[in-house]
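Listed in TrEMBL:
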- 42, 286, 318, 383, 386, 387: Na(+) 1 binding site (BINDING)
- 49: Na(+) 2 binding site (BINDING)
- 63-83: transmembrane segment (TRANSMEM)
- 120-136: transmembrane segment (TRANSMEM)
- 148-157: disulfide bond (DISULFID)
- 232-255: transmembrane segment (TRANSMEM)
- 275-300: transmembrane segment (TRANSMEM)
- 312-338: transmembrane segment (TRANSMEM)
- 415-440: transmembrane segment (TRANSMEM)
- 446-468: transmembrane segment (TRANSMEM)
- 488-510: transmembrane segment (TRANSMEM)
- 530-551: transmembrane segment (TRANSMEM)
């Protein structure tokens, strides 16, 4: 009997496993608002807040830079941020299928965002691999980049503390290099002479990248159940580190001079168009808009969540963090300039140069330098980690929502994440070779560039503001949160945001300069070709999808009277597909009745119907 009972239990277990594999799981939701807020905060508050905004502020007129920044914050940042979050919450769909529901003709917007995101997932995590490598090297009594004499150092290596008139005669100052720079270029990157010389794989960095991807995978492998818990740590810990580094920085000698250079206003810089372009692109970079991430995160909200209030709060938090980070960074740079007796301009860096050269050099001048270096790189890792795994999660969400019957069964979603992680890991290995830094710069400057984000933003605003209809979307938002947002946001969707984005996009094209690594190395023509192919791979999705949908749709574009519509073209249901492309849900008849064309475009807008009046040869009035 015991054997029979055991056999029955095993049989039931096998049947249960098969049933679980056949069962389509329900779409997840956040357990509470805090998980959503922390997830979005972790995504938008990343490395750009620490290493890009402070430098742009200093370079573009200090406090005067805040004027164009606030203008773009109001006219572009908040409107697009809110648009994507509200769209995700309203449709409960990921970054592709949400556009399919609103307007099938513009589904290419979703594909464009996911292509950008796929590029971003491959190269952004490389920064985490570098940071992990530096973190491991912090667990010593003396930081390895603080002194010369290591196997990777050259005879031109000079420690600034020992640089005096006695050794100036032996080493030419023009050829002298710092141990920090040599550690970065010779120990970490082992950088080659150009992209033509890819060289060998840096196995230590490959292991660091593997560690980063492993952590990322287990942060999101259970969807909102795991992500919602992890962000309690990853989104809050960087603030603790930032406050510690800020307090330490402002107490250092020379900190006040650094802060002065950071904020001292130079109003004359506002006449330079590049200042305004930098402000606009920084908004798009730091707010993670046009990537599909906000749509995916918003899609896990409850339908009646007040996403409008959440978006305003998160936007202010993001910009506030960037502003405070500037004090933490420039106080330390001021200290470094003070110790070396050089102007701030000679030590100020942006991007990886700040994270892996300038700041590490500054901590070598502090007491207990390994401690401060450890805290700094831990902050970088946590800042980048949640931005990375949320990007991967949103890409997975988009794929799963497209094929729910395939990926919401058993452990297929987990296997999808694993597959994406493995593929992205192996593609990323090329950036960890001796010539990998040149490939990384191509990804950073082309694949996920501001130009791609601006192009997508234009079509997002046109789709919601004009095709779907801003009034209709405001009605949807009112249905969700109980009231309509400020009217300014609606006008931004319709006029200001697409106009500003188009202006900056054109400026990018007119003022385009080929990428140079360190302003010295010029890429070969095929290198620039690869860069532009990566940029076009996302932008081409939108017009290409429009052409495909029109090509496949039945019907005609010939302008006719609506009363002659059926007689001229026979079976009228063939032409209904054309209306559905634009999200049109109802067609008015001559007798005042309404014919439903509900289907893919069931969330149609009165604005879309008015804008397409030429199809039927008559003006379709509001409310038809």
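Every residue gets a Cβ built from N, Cα and C, even glycine.
The transmembrane segment (312-338) makes contact with the transmembrane segment (275-300): 3 or more of their CB pairs lie within 8 A, with pairs spaced 6 or more apart in sequence. Cα of residue 286 (Na(+) 1 binding site) to Cα of the residue listed as 'Na(+) 2 binding site': a distance of 7 Å. Ranking the recorded positions 42, 148, 383 by the distance of their Cα atoms from the Cα of residue 49 (Na(+) 2 binding site) places 383 first.
Residue 148 (disulfide bond) is 39 Å away from residue 318 (Na(+) 1 binding site) when you measure Cα to Cα. When Cβ-Cβ distances under 8 Å to the transmembrane segment (415-440) are tallied for each of 120-136, 232-255, 275-300, the top count falls to 120-136. Ranked by Cα separation from residue 148 (disulfide bond), the binding-site residues 42, 383, 386, 387 are led by 383. Note: the stretches the transmembrane segment (63-83) and the transmembrane segment (232-255) are not in contact (fewer than 3 CB pairs below 8 A, sequence gap of 6 or more). Taking CA atoms as the reference points, residue 387 (Na(+) 1 binding site) and residue 157 (disulfide bond) are 36 Å apart. For residue 157 (disulfide bond), the nearest neighbour among the binding-site residues 42, 383, 386, judged by Cα separation, is 383. Residues 42, 286, 318, 383, 386, 387 make up the record's Na(+) 1 site, and a Cβ search at 8 Å around their centroid adds 41, 43, 44, 45, 46, 47, 49, 235, 288 from the same chain.
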